[in-house]
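Participant: The structure under discussion is supplied below as structure tokens; questions concerning it will follow.
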Amino acid sequence: METPLLLNTLTTLTLLTLLTPIILPPLLNLKNSPMSITKTIKTAFLISLIPTTIFIHSGAESIATHWEWQFIPNFKIPISLKMDMYSMMFFPIALFVTWSILEFATWYMASEPFITKFFTYLLTFLIAMLTLTIANNMFLLFVGWEGVGIMSFLLIGWWQGRAEANTAALQAMIYNRIGDIGLILSMAWLASSLNTWEIQQITHPNQTPTLPLLGLILAATGKSAQFGLHPWLPAAMEGPTPVSALLHSSTMVVAGIFLLIRTHPFLSSNKTALTTCLCLGALSTLFAATCALTQNDIKKIIAFSTSSQLGLMMVTIGLDLPQLAFLHISTHAFFKAMLFLCSGLIIHSLNGEQDIRKMGCLQKTLPMTTSCLTIGNLALMGTPFLAGFYSKDLIIENLNTSYINTWALSLTLLATSFTATYSLRMTLLVQTGHTRTPSNHPINENTPPAILPIMRLALGSIMAGLLISSLILPPKTPPMTMPTITKTAAIIVTTLGIILALELSSLSYSLTPPKHNPLMNFSSSLGYFNPLTHRISPSILLHTGQKIASHLIDMAWYKKMGPEGLANLHLTMTKISTTLHTGLIKSYLGSFALTILTTILLIQK
């Protein structure tokens, strides 16, 4: 059997395996269960390893498959799939991470009344992301894009009785709608100018207009929570912990970056678009890292770290290195999912407590969980030979050796330092010191569905970087020689961040609580972004609307143009007349003299 046909069959089999828990139970009158859905994803993961291995050893660059669905005689829906290094590598990674998260959710969400529905939503969420990944035309990509958006809305607002969860779900939907405007406008431009939505045909090497590219960047900004459209991502942690783990690791938030990776040949011919990505990513990564420094909610710190890493991926797109951005997506998925699962287990053990200031001494009561949390934080920092190092160090090396503006480089290095600071701060407050919140029940991490997924992801956080980086070939020759200071820049700034975190934590035990200053307020208030955008803008719009509705319609239209308008017209004429005819001799003599003077001047001319 030929390689393309074999790959096509096995990839389709993987997708069909995932669809069985959604399609078969209604058809055969069967009952679904969380365990059956988890086993389905495990099976799909094992199947997906076969086409990935075949593709890696085939030496092919990409294999495309095209079908047409004849919906009505004159209307065809193209279904085009692209099996390249990105989609073939992403399939097993996403399935492995989702399998671990769903196994954890069987324990974490055991008391939920609609747990099967919850698992079906998570499965649909994954299928939408895989559709987006394998799509070879903008139509199918848009289907996956919208599917991911709708499922995120349903999952973030899963606990509908909580006002914060409903607000966060609505916020995610609204911010993503803004991004969707950019994608729809870009698709409209492609359809009208190039008459195609096939990705191979739109990525021509000629100079591309900036407008459709800015639409794609706007779409990625909304979906991947870049600066300006970022507030929904930290708010999304109001959903259940398995949702946060899946959302932040391998599904929705990387969809925007994946869109730019897919359309990268279209993007790389326009320097304005690349510079926009670079500067936007640098600003996003620093802003999110700064906000994470003063947060006390464990899930919020991890959420801001996601936003910061997405900014780093956007910087990599701006450097014209899509393979490196994909490598960071792949390695990031393992340790970010693990961090969320560890935080979920800690929160569950401490009666729902999420404030890291109220935790402490957990390395004695939860040794395995805290060890995995430490591994995840070290991988996030870019500690040598863990998963994050292989992508993060390469990104900063390429950043240091590229001809780019120093502003973006400085912001990214500062954000890298801050990453070490907030990661170590979280580790110290959670694990060291004394117990600050006694648990109502004995803390236990011997439950296999709770601890096995975390251990699997910990293994991935250690091994994945080496494994994936050996399979993804760099698009350009990496810089072979560079000054020592350039090579060690990432390690130096990370070490500075660690020293800063240690100093701050040691001072916090001996000094009085610090007074609030503008810098601390800026970080803890999330850069004043939410009050400015979420309160002032709606307030101005509401007041303006009220004025337009009441004053203009009632007063201006009916009164000013009607009876009051007629009265005002006569009043103005009357005032002019009374001003001229005062009955005083001085006024008449003055008017007479002024008239004579004007007449003489006109005659002389």
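From the backbone N, Cα and C atoms, a Cβ is placed for every residue, glycine too.
Grabbed the feature section from Swiss-Prot, which reads as follows:
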- 10-30: transmembrane segment (TRANSMEM)
- 114-134: transmembrane segment (TRANSMEM)
- 178-198: transmembrane segment (TRANSMEM)
- 213-233: transmembrane segment (TRANSMEM)
- 241-261: transmembrane segment (TRANSMEM)
- 273-293: transmembrane segment (TRANSMEM)
- 301-319: transmembrane segment (TRANSMEM)
- 332-352: transmembrane segment (TRANSMEM)
- 370-390: transmembrane segment (TRANSMEM)
- 404-424: transmembrane segment (TRANSMEM)
- 448-468: transmembrane segment (TRANSMEM)
- 583-603: transmembrane segment (TRANSMEM)
Participant: Apart from its near flanks, which chain residues at least 6 from the ends of the transmembrane segment (213-233) lie with a Cβ under 8 angstroms of it?
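Facilitator: Same-chain contacts beyond the ends: 145, 148-149, 168, 171-172, 174-186, 189, 248, 252-257, 259-260, 263, 266-267, 270, 272-273, 276-277, 280-281, 283-284, 287-288, 303, 306-307, 310-311, 313-314, 526, 529-530, 533-534.
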Participant: So what's near the transmembrane segment (114-134) in sequence-distant terms, Cβ-Cβ under 8 Å and 6+ beyond its ends?
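Facilitator: Apart from its flanks, the transmembrane segment (114-134) reaches 11, 15, 18-19, 21-22, 32-34, 37-38, 40-41, 81-83, 86-87, 90-91, 94-95, 98, 101-102, 105, 140-141, 143-145, 147-148, 151-152, 154-155, 158, 240, 242-243, 246, 250-252, 255, 258-259.
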Participant: Quick one: find which recorded stretch in 241-261, 301-319, 404-424, 583-603 has the most Cβ pairs under 8 Å with the transmembrane segment (273-293).
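Facilitator: The stretch with the most close Cβ contacts to the transmembrane segment (273-293) is 301-319.
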Participant: Please indicate, using numbers and ranges, the residues of the same chain that are 6 or more beyond the transmembrane segment (583-603) and have a C-beta under 8 Å from a C-beta there.
Facilitator: none
Participant: Six or more residues out from either end of the transmembrane segment (301-319), which same-chain residues have a Cβ under 8 Å from its Cβ atoms?
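Facilitator: Distant Cβ neighbours of the transmembrane segment (301-319) are 220, 224-227, 230, 233-234, 236-237, 244, 248, 253-254, 256-257, 260-261, 264, 267, 274-289, 291-292, 295, 325, 328-329, 332, 336, 339-340, 343, 356, 380, 392, 395, 398-399, 402, 404, 408, 412, 415, 418-419, 422-423, 426.
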